[in-house]
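Everything on this sheet refers to the single structure shown next.
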């Protein structure tokens, strides 16, 4: 018989009754019934009930003193449970093991929190003792799910003709939109590697090298703050790139992958390909966001023209100054109490708005609310038609500059969806956001900057760049860039790449980069483009966010085995940590006086 186990703890069935077996695992629960002691023995696979009887008093006394989470090996005989003790919640619930021997392989110290239920524990303690936290059923299953998702992704990509690559982790800094993690070079004093924010340049170089379809489960590193759906420091993405493709080719490739993935690992309704396509400007108008949650049926409408000649002075004057007026439809909200409308106004103010106004259309057709007296009957009818409002509904209004109004209305839309319980349940709704602006105006520098990915192909190519002369014309340029969104969460960004050196030089010059700077920062790419680059494009759905959605986790740390906390610290490994002076000298690093004082205090060196 094997030293530790003949079966795992999720394996024994009625067909095993009478067999001598050996099991190993953790003490999950212990119940002392006087003449019987029951131990729920848990391993990676499941739970088996072990029974100790007073026929072996010494062994039963031994079992009654076992600490939770101690590792034990038990030998015994499989017996059928009596009719009244069957546990249908367990796969092994029809049997139990009558113990004849028990060996403690490793005793557990007192636990910092309970393992055998999902009772909330302090996050600091959970992260500091992550090896214990990972034993808890929900988190344990999340990590298994993550592994299964990644394995299935690999299968789906390989059967579609993609080749898996590994690209360098130590590379050079590039403007991907976040701060780099820098690694000092010992051999080249004063120089630094950067951990890749994405394998962007390498995957494009692979296309130029003649590989047709690339993919990688790619680690990415960005020095940015944590959010519920964003881990600080490190994340993983399904990175892919394809040669000789259009935007539609990318869509047609990734949509079936996501549909297959989500239908395999969930019972919820999943959007079928082709997914809805929404141009960026339309998304910002209708949803107030470039990552709309389509489970929410509320649509935002532009009603600027209705108020341009209205009697409401505030909106009329705002419009003269270039502001817009937006209407947010609130279905079946007309009969709600005044406190509901006051709550929505308070919410808008908390989000930076001056206020929020509204009109109520009762079931009988009566019009009420602060703005109702400022609109004519005809204007009210146009408003109802424009905002798709019926009797029994309410409409909220916001007025501001276009971008500010869009963002505010987007937040109000989300809040209304929650307050009115409008979100469609048990579904994953996908959409594409397309035609992103190529450039944006940087308020801090007062200059034109890239809106998203600087390596995207501008729609219209070199002609569009050369014909756009004014700031307004430049900001109107769009890129072959697209995001995929699911239930209001951005899963991925992608683009058709700029593969022509002359277009890249021109695009960067508009953003304030000289040809010399472009050559210095992207020398490998520019050189490669001059030796025959195929048209190519790609996308990179986030693995962490996909698993987060499938696991129905509210925080991304719940689907990562060893995550950092909100302050980008690893409490388990005590990272980041101070290093000794010798290591700093080897790397030619000198700390500032303030940092040196802190370093000395914490290291004693």
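Glycine too: its Cβ is placed from the backbone N, Cα and C atoms.
490 is the only one of 164, 490, 586 that Swiss-Prot places in the ATP site (with 222, 223, 224, 542, 543, 544, 545).
Per Swiss-Prot, the listed range annotated as region 'Aspartate' is 200-203 (candidates: 196-199, 200-203, 204-207). Within 10 Å of the C-beta of residue 497 (L-aspartate binding site) we count 25 further C-beta atoms, all protein chains included. For residue 223 (ATP binding site), the nearest of the recorded positions by C-alpha distance turns out to be 452; the candidates were 33, 84, 452, 497.
Within its own chain, residue 543 (ATP binding site) has 146, 149, 150, 153, 217, 235, 236, 237, 238 as residues 6 or more apart in sequence whose C-beta sits under 8 angstroms from its own. Here the C-alpha separation of residue 222 (L-aspartate binding site) and residue 84 (site 'Important for tRNA non-discrimination') works out to 56 Å. In terms of DSSP secondary structure, the region 'Aspartate' (200-203) contains 4 helix, 0 strand, 0 coil.
Model confidence over the region 'Aspartate' (200-203) is summarised by a mean pLDDT of 95.
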